[in-house]
Amino acid sequence: YKLSVSPEMDIMEYCRKEWRGTTPVAKRMRKGYEAVAQKFASIRRIRGDNYCAFRATLFQALSQATQLPSWLQSEDFTMLPENLLSKYDWIKQWQLKQKPGKKMAEISDEIKEYLILLREKWKYISEIKDPLKKQEACDILFKNEEEEYSLYEALKFLMLNTAIELYNADKSGRRVPVFSWLLFARDTSSNPYQLMHNHLNHIGHSGGLEQVEMFLLAYALQYTIQVYRLYKYSTDEFITLYPNDPEEDWPVVTLITEDDRHYNIPVRMCQETML
């Protein structure tokens, strides 16, 4: 039994424990953590498997959710698997977690269940007014492995749906965000089928999210993901936004990474000192 999201720890205490050395890297990391500590008091470690970007983003989104996002409220949200399957036969090759080789009808039903679960959990947690109780509900959810991985499966499917929408928009001459070109400029994902086959099907098993896929996750959730990239301290990329031109009404979640592979989360925003 592993904790998905560890309890809070003072951010600078964590930094001193992790980065004791005198190497240039250790010094840069300490500077990075000091900068984060200007804004946040604590850090929570995220379990380090290939789902950590999903885990960190979703945990932050739910722990500050006060309402159900509009895309989760739409009538046809849970019809997504059926609708997509009726148009794209290749989605039959979607790999369900720990269940390779499932029949398509079952896959469609399972993904629908995952989407319903995502909506239910988001609704339940967003309606909790007491911040401590909200936090407690998030902790409980992220201790339930079965539900947790089902939610990641839902997120992956939403990313596929978003990728298909962007790809089709670009093909029909509509404006798309720059990251969408980059996403489909890769040899391994020149179209949504390849993206699914070579990337999304492997997330959580043999790999995590690449940077361009962080943009896709942000678009799928309609959230701005703000990341302190500690190894980029003192460069323009120290604080990176996905997407870098976010919609004004998108909520923001904040993550921390030391290497663009593993993500932790900062918590407890420091109160601005009153003058």
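One-based numbering along the chain as shown.
Note that Cβ sites are derived from N, Cα and C of the backbone, with glycine treated the same way.
Because TrEMBL annotations are produced automatically, they should be read as predictions rather than curated entries.
Taken from TrEMBL as is:
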- Asp49: active site (ACT_SITE)
- Cys52: active site, nucleophile (ACT_SITE)
- His262: active site (ACT_SITE)
- Glu237: site 'Linear diubiquitin binding' (SITE)
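Taking the features listed in TrEMBL, we show where each one sits on the structure.
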| residue | record | Cβ neighbours (10 Å) |
| --- | --- | --- |
| Asp49 | active site | 14 |
| Cys52 | active site, nucleophile | 22 |
| Glu237 | site 'Linear diubiquitin binding' | 11 |
| His262 | active site | 18 |
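Between the C-alpha atoms of Asp49 (active site) and His262 (active site), the distance comes to 8 Å.
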